[in-house]
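If you look up TrEMBL, you'll see 500-514 marked as compositional bias 'Polar residues'. Residues annotated as domain 'Ammonium transporter AmtB-like' in TrEMBL: 54-476. Marked as region 'Disordered' by TrEMBL: 495-514. According to TrEMBL, the transmembrane segment annotation covers 53-77, 98-117, 137-155, 162-184, 204-227, 248-266, 286-310, 322-339, 345-365, 377-396, 424-449.
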Amino acid sequence: MEPLTCSVSDLATLLGATAANGTSSAAAATYLCSRFSTISNSLSDTSYAVNNTYLLFSAYLVFAMQLGFAMLCAGSVRAKNTMNIMLTNVLDAAAGALSYYLFGFAFAFGSPSNGFIGHHFFGLSSVPSPDTDYSFFLYQWAFAIAAAGITSGSIAERTQFVAYLIYSSFLTGFVYPIVSHWFWSGDGWASPTRPDNILFGSGVIDFAGSGVVHMVGGIAGLWGALIEGPRIGRFDRTGRSVVLRGHSASLVVLGSFLLWFGWYGFNPGSFLTILKAYGGSGGYYGQWSAIGRTAVTTTLAGCTAALTMLFSKRLLVGHWNVIDVCNGLLGGFAAITSGCSVVEPWAAIICGFVSAWVLIAYNKLAEKFKYDDPLEAAQLHGGCGSWGVIFTGLFATKRYVNEVYPGRPERPYGLLMGGGGRLLAAQIIQVVVIIGWVTVTMGPLFYLLKKINLLRISRDDEMAGMDLTRHGGFAYMYHDDDDPSQKPAFMMGRVEPTDESTTPDYQISPTTNV
């Protein structure tokens, strides 16, 4: 909101030499301008308060997605590992808060800086400032821990607790902040808001993070799961896929709805402010309208992907599966996150439809190469996220691009919308750069953890379940007699792991586990 100004000299001239009651015009003008300034300051304060409240509310919504991740992860693993996966979700938020506070926020948004990394605001020094406030830190922290939560799903049911602590701190404190600096900070080399952008005069449009958040978390999870290897029993001796079913579809559905709800802070909240008019002030159309449109495109993409997955899997495997629908829904959300603010609602339907088939294809590929990801996090967030980045380069509209990223009328937009190929080229570079950066940082970290025996738990612990061997008992206990930790053999350290082949939590799958 532009500040309102009042000139005493100009106002005095309009009032004439002397007011009606004999008061000099200069004195009257001074008084009126002081009252006018008071009103102007009050309006400016209100504008700041409304925008900060909007950003804080969006941060709360994004943080609530952690509960969604926790429920989704808990329902997708076997009951014997429920406490472990819930604890890792808490750890992602807790460890991520400290690492992002100390280093991550400075690396991401410490301006002024160079195009590669920020170097101000360590430990939130000099905050608040004219450029940033505490609400912005909280919002960006919620994004950082979302990336870490994605990775934890890929390596669930077989990873040591200390490995979670190490990778989560490293990802939120260094790997993710560098990527967000490149594409979201005004100083980043590929940022669309950088005045002298060197990337095709455009920069990358990744509005809410299909690449910055979802690809980073998904690719990190890919390397973790590849280096760890599949869970015991995931593939039989002949190489056939064995479905290690999650223990609660109810928790999966609950988690999916919570994530859906939180996505309305993730995507529309990425505008950061709401009180901004487009064109002249006083009209019905402004940033508040763009925020509403972004919520609509987010909804349409997710719903289209869910329905596409529902009927596609019905045709492919012959049954309706709620887990498939939930994964399709989240895949559509991950894909539309990049271009949600700059595409038409009809284009979001295309985005969701394609994202469902991208997820199916990546799951087929994962099965072929014996890759085990209990939550399909790499396929869903990495695969659908990369499609979303490309989708933006195809369907971004000129009008919306110029509204969301003003100041450069000739800015490139979507190839299929008549904007040429420069934006698409920038988007492809983002996909390649993120894959490369996460590979050279997280890959060696997971490999090092494996070499020093800090990555994977023992075979006996994995067979018995980490709730029992690492966390003092199972998450679900109906009778004390059902708790092996209360039996003499366990108390004396002689617990025998259950033979996986005798338990009912998996079966041979003739098709892909999507």
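Glycine too: its Cβ is placed from the backbone N, Cα and C atoms.
Predicted, not measured: the structure shown is a model, and the values here were computed from it.
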Can you work out the mean pLDDT of the predicted model over the domain 'Ammonium transporter AmtB-like' (54-476)?
93
Considering only Cβ pairs within less than 8 angstroms, which of the stretches 53-77, 137-155, 248-266, 377-396, 424-449 has the most against the transmembrane segment (98-117)?
137-155
With a cut-off of 8 Å between Cβ atoms, can you find at least three pairs linking the transmembrane segment (137-155) to the transmembrane segment (345-365)? Only pairs 6 or more residues apart in sequence count.
no
Segment proximity, the transmembrane segment (286-310) to the transmembrane segment (424-449), 3 or more C-beta pairs under 8 Å:
no
What stretch in 248-266, 322-339, 377-396 has the biggest tally of Cβ pairs under 8 Å against the transmembrane segment (53-77)?
248-266
Sequence-remote partners of the transmembrane segment (286-310) [C-beta within less than 8 Å, at least six residues beyond its ends]:
260, 263-264, 267-268, 271, 273-278, 320, 324-333, 335-337, 339-341, 343-345, 347-349, 351-353, 355-357, 359-360, 400, 403-404, 514
Interface-richest range of 248-266, 322-339, 345-365, 377-396 toward the transmembrane segment (204-227), CB pairs under 8 Å:
377-396
